[in-house]
Amino acid sequence: MSKRKVAIIGSGNIGTDLMIKILRHGQHLEMAVMVGIDPQSDGLARARRMGVATTHEGVIGLMNMPEFADIDIVFDATSAGAHVKNDAALREAKPDIRLIDLTPAAIGPYCVPVVNLEENVDQLNVNMVTCGGQATIPMVAAVSRVARVHYAEIIASIASKSAGPGTRANIDEFTETTSRAIEVVGGAAKGKAIIVLNPAEPPLMMRDTVYVLSDEASQDDIEASINEMAEAVQAYVPGYRLKQRVQFEVIPQDKPVNLPGVGQFSGLKTAVWLEVEGAAHYLPAYAGNLDIMTSSALATAEKMAQSLARKAGEAA
């Protein structure tokens with residue numbers, strides 16, 4: 001099966017790590033172009049050393065390159081505002097081009113590979129939510145497939161050193177996009193997301209806490225569902241793991257809790273603690289927040305490439 005050529009817009013931490021993943025592990029993908037706006041960026045320099053074509057003139061530079069004619073999939077690792085413009089420009093030049101959005105822009109549907117990749121594999125633009133979303137939404141979905149989830153809250157704690165300028169500029173978008181995806185993909189009636197930039201030295205690995213309030217159900221069934229989901233995520237993010245056993249608390253009907261925006265709640269509270277260790281391809285191992293984004297994007301693109309190859313075979 002021939003490989004599909006891809007380009008990455010954004011030569012920062014995420015874009016560079018993704019490039020290295022594709023070069024080392026791409027099964028149906030061929031790394032063709034790295035796009036940046038800073039001619040002195042380490043990402044562009046590294047791409048050139050690895051034999052990848054580059055441009056420092058942004059998406060316009062990409063579209064002016066001869067390689068653009070063969071590009072099937074573009075990863076956008078810029079910012080939410082830039083992605084809206086990039087999508088419009090690329091779509092005008094190539095209406096059928098596939099975009100994988102690693103910003104919080106969310107022009108296309110949210111995609112969390114282990115939960116809903118199959119139903120989004122033929123979309124022209126998919127959004128990878130956020131690092132916190134990729135880590136925690138599978139846990140919310142794991143509870144949702146056992147019991148009705150009324151409320152889910154996630155706290156993503158990441159090393160301050162792993163948060164580049166793009167992440168810092170998109171904090172509000174992070175919380176909004178993650179909260180919405182907890183509902184749309186995770187299945188919660190109401191979602192809330194909090195991000196913490198941890199300044200500790202030496203930097204700590206990404207840690208995530210997930211609280212889910214659901215109808216009462218078998219705790220064994222919920223724990224089994226969560227463990228099964230964690231194993232499924234590990235298939236493409238090997239450093240993803242439960243930090244300890246799942247904890248439960250029954251909230252009785254005669255002692256309900258009041259949830260802002262939800263009201264009185266009684267039922268089952270499920271608490272999940274996660275840790276995500278990065279693969280250290282380009283970024284340090286503590287930057288699991290960035291690794292889970294690039295790994296999820298890679299898994300999505302691989303499926304898209306297979307789908308495109310099948311369609312090309314059927315049309316031949």
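Every residue gets a Cβ built from N, Cα and C, even glycine.
Listed features, source Swiss-Prot:
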ACT_SITE  Cys131  active site, acyl-thioester intermediate
BINDING   Ser11, Gly12, Asn13, Ile14, Ser162, Ala163, Gly164, Pro165, Gly166, Thr167, Arg168, Ala169, Asn170, Asn289  NAD(+) binding site
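Taking the features listed in Swiss-Prot, we show where each one sits on the structure.
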| residue | record | contacts (Cβ under 8 Å, 6+ apart) |
| --- | --- | --- |
| Ser11 | NAD(+) binding site | Met34, Val35, Gly36, Asp38, Ser41, Asp42, Gly43, Leu44, Ala47, Thr54 |
| Asn13 | NAD(+) binding site | Ser162, Gly164, Tyr282, Leu283, Ala287, Leu290 |
| Cys131 | active site, acyl-thioester intermediate | Ala156, Ile158, Met206, Asn289, Leu290, Ile292, Met293 |
| Gly166 | NAD(+) binding site | Gly10, Gly12, Ile14, Ala77, Thr78, Ser79, Thr103 |
| Arg168 | NAD(+) binding site | Leu197 |
| Asn170 | NAD(+) binding site | Ser79, Ala80, Thr103, Pro104 |
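Around Ser162 (NAD(+) binding site), taking its Cβ as the centre, 24 other Cβ atoms fall within 10 Å, counting all chains. In this entry, Ser11, Gly12, Asn13, Ile14, Ser162, Ala163, Gly164, Pro165, Gly166, Thr167, Arg168, Ala169, Asn170, Asn289 make up the residues listed for NAD(+), with the farthest two CA atoms of the set 17 Å from each other. The Cβ neighbour count for Gly164 (NAD(+) binding site), using a 10 Å radius and every protein chain shown, is 14.
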